[in-house]
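Q: Sharing a structure with you now.
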Amino acid sequence: MSIWEVILAFVVVVLMLVALLANVLVLMCFLYSADIRKQVPGLFILNLTFCNLMMTVSNMPLTLAGIIYKSQPGGDQICHVVGFLETFLTTNSMLSMAALSIDRWIAVVFPLSYHSKMRYRDAALILSYTWLHSVSFPIVAASLSWVGFHHLYASCTLYNKRPEDRTQFVIFTGVFHTLSFLLSLIVLCFTYLKVLKVARFHCKRIDVITMQTLVLLVDIHPSVRERCLEEQKRRRQRATKKISTFIGTFILCFAPYVITRLVELSSVVHINSHWGIISKCLAYSKVVSDPFVYSLLRHQYKKTWKDIINKILKRSSINSSALTSESHNRNILQLNE
């Protein structure tokens, strides 16, 4: 193995471990907190977490093996199953992010009618569509034998080995990425920019009220005035940062891989194998970032996983004190004997 391959293998191992830990923690929060389970977005986050965990335990290990051994890990049957899952899970996770953005758009732009427009039944229908949409492409690819080990990405993924099917495979790949990556990106941009517009409007209203209050309070201390102005600035930046994170991570993680897959269809451009694996690692990094972007950094999830950790530590400390007390009593009995 070259130094590049060692580095890429190490990166995949780190991504795999962090992704497994973070997504399991999200799942634990969902199971532990009744409040999270009651919320409609929790269904979308649960579906996204499921896709991320499946990607972590099925695709990442085989990519790691592909980097190390530079050949297809396992037999053809295993590779076909993993390639099927890769196509399905990637599409499903993209559409889940789009569904979360639609939920936020309805909640912010139509707050009074949110509970009537986004119920559990509506969320279940959206999830049913994402599953149907996501499974249709790998079924077509598997039926046409367009799934296999691709040396450029060291992964089991969409791959056409027959030159006579090149035109059909190019059309299929273009349609697939248009209806998965591009469609999800358009929905993300439309919904979150609408949310940002509403958030900025409310910030302006709050800023006007704050400035009027500061003008009326002539005797207010300068430090208090300064804190109010700082809070104004943070309020304006908060929504922009969150929305930039949602859209930015989606583009940064998926765009290099999707563009590489499309450029690869051209026989004119040669793609370096190291870049192919790097683009794949960037796509895998979305599995790592999603738990933090959509769940763990939110106040409700922070409180939940802190409660879980405190409960575990408290139980271990109780067990430890019980064991200490039992040992102490045993020593006393031995002395009395």
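Glycine is treated like the rest: Cβ placed from N, Cα and C.
Sharing the features that TrEMBL gives for it:
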DOMAIN    22-294  domain 'G-protein coupled receptors family 1 profile'
TRANSMEM  6-32  transmembrane segment
TRANSMEM  44-69  transmembrane segment
TRANSMEM  123-149  transmembrane segment
TRANSMEM  169-195  transmembrane segment
TRANSMEM  243-263  transmembrane segment
Q: What same-chain residues lie close to the transmembrane segment (123-149): Cβ under 8 Å, and 6 or more beyond its ends?
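A: Residues 40, 43-44, 47, 66, 71-73, 76, 79-80, 83-85, 87-89, 91-92, 95-96, 99, 102-103, 155-162, 165, 168-169, 172, 176, 179-180 contact the transmembrane segment (123-149) from elsewhere in the chain.
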Q: Give, as a single whole number between 0 and 100, the mean pLDDT over the domain 'G-protein coupled receptors family 1 profile' (22-294).
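A: On average, pLDDT over the domain 'G-protein coupled receptors family 1 profile' (22-294) sits at 87.
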